[in-house]
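Over in Swiss-Prot, the protein carries these features:
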{"type": "BINDING", "residues": "G79, 82-83, T87, 89-92, 106-114, S118", "note": "5-phospho-alpha-D-ribose 1-diphosphate binding site"}
{"type": "BINDING", "residues": "G79, N109", "note": "anthranilate 1 binding site"}
{"type": "BINDING", "residues": "S91, E224", "note": "Mg(2+) 1 binding site"}
{"type": "BINDING", "residues": "R164", "note": "anthranilate 2 binding site"}
{"type": "BINDING", "residues": "D223, E224", "note": "Mg(2+) 2 binding site"}
Amino acid sequence: MNTAELLRKIIRRENLTEDEARSIANSVMKAEVPEIVTAGFLVGLATKGESVEEITGFAKAMRDNALHINFPSALDTAGTGGDGLNTLNVSTAVALLISQVYPVAKHGNRAVSGKSGSADVLEALGYNIIVKPELAEKLIKESKFVFLFAQLYHPAMKNVANVRKTLGVRTIFNVLGPLTNPANARYQMIGVFSKEFLPKLAEAVVRLDYDRVILYNGFPSLDEISTQGITYVYEIEKDKIVSYTVSINDFGLKDEIPVSKLTVNDATHSALRILKAFKGKDEEARRFIGINTAMALYLIRKVKDLKDGYEYALQLMDSGIPHVRSLIEKNGDLSNFNKLVEKID
């Protein structure tokens, strides 16, 4: 089926097969079709609603066109973003903490709609975000942490960047980042911008051959575990999917923290709040990071439940600042980090 026939199929609101989606995604990322056709596919899919097969096919195509490192046992904590709430970079904080006890290949990018992306906050801390594959494998083996910058590891995405920017609306590519980790990480925490998208993404995860993944969407449509209200969770192990909800009570906590108290102005502010939380000088941020770290510890089976996970997370935060310093010493510049630490002390 040629490109025009596939486009007509979408216009008729018919779903593409996984192979059809993979084929057109490869053509798009290799710039084999005009930008106007790419725009037609992206808008058509968004209007129709992306199917499980289409998400899976596009994710496999992104993997086909990516640079890779070999570390499938790693954990990633990348979310979809796009919740518009401008909270501190909790998934990056979790990645830094977990790397004290388990290898983390943190896949991420600069902010698109928010105040600070994972690349931005790591850069604000002084970490070198441009890490090529050979060095990346060395770092994760030696220090249990590496950042895999999406712009570097997905060079073919430059061929759709202009279309995405011009359209200015959410497309299928917004949900693909977490599904395309360059280390082929088989353990993953994925925050999702909408709870309605969770079942569909869970089915795609099953098709993409992970070992264990936890998807979640917290109140109020936050792509993190929330300190306020209910968080919807989908836990996937191989081909088994279990869904449930959690609240702060499941972590052994009582008082909710409004999400409005967890916002940041920019990447430097986010970095500062993370370090303050590690130091015990920002209680709201500490709890937010703590419950998300607890879920990650549960995912990688370091704890039996979320209450134990939260207690363990507090211990990891207590040693968080020296650990982050050691990561930056290996791959970065301590100037920014030291200035931030001075502001805390």
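Positions of Cβ are set from backbone N, Cα and C atoms, glycine also.
These figures come from a predicted structure and were not determined experimentally.
Location within the structure of each feature annotated in Swiss-Prot.
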{"residue": "G79", "record": "5-phospho-alpha-D-ribose 1-diphosphate binding site", "Cβ within 10 Å": "25"}
{"residue": "T87", "record": "5-phospho-alpha-D-ribose 1-diphosphate binding site", "Cβ within 10 Å": "25"}
{"residue": "S91", "record": "5-phospho-alpha-D-ribose 1-diphosphate binding site", "Cβ within 10 Å": "28"}
{"residue": "H107", "record": "5-phospho-alpha-D-ribose 1-diphosphate binding site", "Cβ within 10 Å": "28"}
{"residue": "N109", "record": "anthranilate 1 binding site", "Cβ within 10 Å": "21"}
{"residue": "R110", "record": "5-phospho-alpha-D-ribose 1-diphosphate binding site", "Cβ within 10 Å": "17"}
{"residue": "R164", "record": "anthranilate 2 binding site", "Cβ within 10 Å": "18"}
{"residue": "D223", "record": "Mg(2+) 2 binding site", "Cβ within 10 Å": "26"}
{"residue": "E224", "record": "Mg(2+) 1 binding site", "Cβ within 10 Å": "29"}
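Taking the Cα atom of each, N109 (anthranilate 1 binding site) and G79 (5-phospho-alpha-D-ribose 1-diphosphate binding site) are about 11 angstrom apart.
DSSP classifies T87 (5-phospho-alpha-D-ribose 1-diphosphate binding site) as strand under the three-state reduction. Rounded to the nearest whole angstrom, the C-alpha distance between H107 (5-phospho-alpha-D-ribose 1-diphosphate binding site) and D223 (Mg(2+) 2 binding site) is 16.
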